[in-house]
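Participant: When I checked TrEMBL for this same protein, it listed these features:
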type: REPEAT; residues: 35-68; note: repeat 'TPR'
type: REPEAT; residues: 72-105; note: repeat 'TPR'
Amino acid sequence: MPRTQRNDNFIDKTFTVVADILLKVLPTSQREKQAFSYYRNGMSAQAEGEYAEALQNYYEAMRLEVDAYDRSYILYNIGLIHTSNGEHGRALEYYYQALERNPSLSSALNNIAVIYHYRGEQAIENGQSEISQILFEKAADYWKEAIRLAPTNYI
């Protein structure tokens, strides 16, 4: 049984039903439908903390998805998983790839800023105050851009 058919809460079930209806009525190719199905399964696995399964689904969705905008969200979610796993360098790679396809993805900008800020704090702990200043400035630049793009998202 696909993961999306195993959702237990009302919101997930509702999303699944609406998504299935949209897939049936929208004029999309079989390939696009498959890509969305893998993406949806990846999101469900990710929400449950099943990161390996989520990555498998996202990579399959990337293989099938051709639309740059849709690919940006797949890449962003892959970045989220790497961030959660403490793999900040890999996460940055995926966030940057997401931004190449969707420059207005403010959440990717925010997450890049968070990683640079974290690295700045690490530099302070290691007595590297000059490096920390550079990292904090990079974080600030990304946060400013995220706020510029989505001023109501960040208080």
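Heads up, the Cβ atoms here are built off N, Cα and C, so glycines get one too.
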Participant: Is the repeat 'TPR' (72-105) packed against any residues at least 6 beyond its ends, judged by a Cβ distance under 8 Å, and which are they?
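Facilitator: The answer is 39, 42-43, 46, 51, 54-55, 58-59, 61-62, 65, 111-112, 115, 118-119, 149.
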Participant: DSSP on the repeat 'TPR' (72-105): how many residues come out helix, how many strand, how many coil?
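Facilitator: Across the repeat 'TPR' (72-105), DSSP assigns the residues as follows: 27 helix, 0 strand, 7 coil.
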Participant: Looking only at the repeat 'TPR' (35-68), what are its DSSP counts of helix, strand and coil residues?
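Facilitator: Helix (H, G, I), strand (E, B), coil: 28 helix, 0 strand, 6 coil.
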